[in-house]
Amino acid sequence: MFFLKKPFPCMYCERSYKNKSSLNRHVQYDCGKKRLLCPICQTRLLTRRSLPKHMLFVHGISTR
Ligand SMILES: [Zn+2]
Ligand SMILES: [Zn+2]
């Protein structure tokens, strides 16, 4: 018996999901967390929007 290929692969890692909401949840919470690291001090950031703030206040670098 063959397994159906899951139609919603994550574009950032090797995982795939059988429905879009599972994929979205993975990208936002599981996979997203791994990608949101400060490139300078490797601090894990809670959201993508907190990166410019972190860069400015912690490292004094403006990203704009
Ligand atoms: Zn992923
Ligand atoms: Zn940092």
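Backbone N, Cα and C atoms are what each Cβ position is placed from, and that goes for glycine too.
Predicted automatically and left uncurated, TrEMBL annotations should be read as such.
With a cut-off of 8 Å between Cβ atoms, the residues of this chain six or more beyond the domain 'C2H2-type' (8-35) that come close are 44, 48. The domain 'C2H2-type' annotation in TrEMBL covers 8-35.
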If I take every residue in the domain 'C2H2-type' (8-35) and average their pLDDT values, what number comes out?
82
